[in-house]
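Worksheet: one structure, shown below.
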Amino acid sequence: MRSEPSGLSLLRRLGGGKEWSRNAHRGLVLALTFVAYACYHASRKPPSIVKSVLDPKAHPSAEPRLWPLGPIFIEAGSVSHSGQGWPPFNGTDGTAKLGEIDVAFLACYSVGMYAAGHLGDRLDLRLFLAVGMIGSGAFVALFGMGYFWNIHAFEFYLAVPMLAGFLQSTGWPSVVAVVGNWFGERKRGLIMGIWNAHTSVGNISGSLLAASVLQYGWGWSFILPGALIAVGGVLVFFFLAAYPEDVVFSVVPDEEAAQRQETETEDRGSAVGIRKACSIPGVIPFALCLFFSKLVAYTFLYWLPFYLSQTAIGGEYLSVKSAGNLSTLFDVGGIIGGILAGCISDQLNARATTAATFVYLAIPSLYIYHKYGGISKTVNIVLMMITGLFVNGPYALITTAVSADLGTHKSLKGDSRALATVTALIDGTGSVGAAVGPLVTGFLSTKGWSSVFMMLMLGAFVAGTLLLVLVREEVSQIIHRHRNPLIGGSASTPLLKEDS
């Protein structure tokens, strides 16, 4: 048995030394990983909230500020921080520069993801996750310190997110691997669909937290979420049992659980490489699908508050704070979509079919939201939530249940050390798309938001098309089971369970 986290040891001693049950440990693991990744996403929301403050509106008469020219520091009081924006983002190229910052963060995040998955399968996941969270918090807060230190060099605002991106890449492979270590395949889609609400909960929390302190200076909108994720990292370090063998259970696990735990203990020493992970059936199609799914989802993550503040809704323009608060309803729809997609995929035993259906339904949702969302706030809210449901549903399904299914594929022969690598490979590819979407949006939005939504609809179409081969296989499996009701199946995609 590995060493038990010191926080858990303390809780047991305070409870009279009584051992916890396996289900109690599972509950704590779910709660801690939920909070951990919610903190990750909360720390990514400040840029979208402060965009309209840094670049209120590009004025045609303003002289272009070419990077990297311009002073590093400007005397306090010489710049109006409320109405004129914050150099170097308040020039005619300000919107493009904000897009470049987004892509710098996400590019480093996606590159770091591949390395993080490889390291996560070799290092202690608890320590790896804790260090990543605390380091991420430091760099998120450092970006906000640029406000208090009166820094106006574009290099600073470009370099800090890049470093934060590398550290943030530790999160997703780690939390999925931890949950995969503790939970089997039964109802994995539903469990992970509910658990994956951490993404939307983090987005909502980050938006509300960043918007609540915006009036005191945009720097606070980064410092508070940075402190939040650092505190989360401390909790993970003291209380997260990343592997079942880290702790002792109060009752003897059932035979199946004991066998699974023994297998995981034996196989944990050998990790798979990227090449072997790519050879697992289904990995490449789902990874490419996630590229376009995250392109759409992350464009909303980083640009929705800015879009709402620049678009008339019911004949009125929203304040920056109101736009940030209103944008959280997109993630409310995302929570529903993630749970719904997981539940449907479990019932149909068809991950690819469910994901493809959702992304195709996202296309008319995007069109209707852009065309009719400005009628009134009520109409905007309803259409925004529907769009969030169909955009975030497949994104949540692929990054959780599908990644866990593929990470425990039969061809791996029970090697649980593949979980982080496979998860990183799929989400890393998706994160490249997440970088492309916000970057292209920064340029297309200057020509009009219709071009942005056309890009998003095209991305959703391609995402669904990439899964058609898997969908065809799943549909044939569903028809076969319907004609032969005595044939059962596991909760994961039938195609994914075949031997390679």
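If you go along the chain as it appears here, the first residue is 1 and each next one adds 1.
Even glycines carry a Cβ here, placed using N, Cα and C.
Heads up, TrEMBL stuff is auto-annotated, nobody curated it.
These features come from TrEMBL:
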- 31-475: domain 'Major facilitator superfamily (MFS) profile' (DOMAIN)
- 127-150: transmembrane segment (TRANSMEM)
- 156-183: transmembrane segment (TRANSMEM)
- 195-216: transmembrane segment (TRANSMEM)
- 222-243: transmembrane segment (TRANSMEM)
- 283-304: transmembrane segment (TRANSMEM)
- 324-345: transmembrane segment (TRANSMEM)
- 352-369: transmembrane segment (TRANSMEM)
- 381-406: transmembrane segment (TRANSMEM)
- 418-440: transmembrane segment (TRANSMEM)
- 452-471: transmembrane segment (TRANSMEM)
Suppose you look only at the domain 'Major facilitator superfamily (MFS) profile' (31-475); what would the mean pLDDT be?
82
Which of 127-150, 324-345, 352-369 has the most Cβ pairs closer than 8 Å to the transmembrane segment (222-243)?
127-150
Which bits of the chain, at least 6 residues beyond where the transmembrane segment (283-304) starts or stops, bring a Cβ under 8 A of a Cβ in it?
44-45, 47-48, 51, 102, 106, 203, 277, 327, 330, 352, 355, 359, 362, 366, 387-388, 391-392, 394-395, 398-399, 402-403, 406, 422, 425-427, 429-438, 441, 445, 452, 455-456, 459-460, 462-464, 466-467, 469-470
Against the transmembrane segment (195-216), which of these stretches has the most C-beta pairs under 8 Å: 127-150, 156-183, 324-345, 381-406?
324-345
Same chain, outside the transmembrane segment (156-183) by at least 6, Cβ under 8 Å from its Cβ: which residues?
25-26, 29-30, 33, 36-37, 40, 43-44, 47, 72, 88, 100-101, 104-113, 115-117, 120-121, 125, 128-129, 131-133, 135-136, 139-140, 142-143, 146, 191-192, 195, 240, 242-244, 264, 399-400, 403-404, 407-408, 416, 419-421, 423-424, 427-428, 431
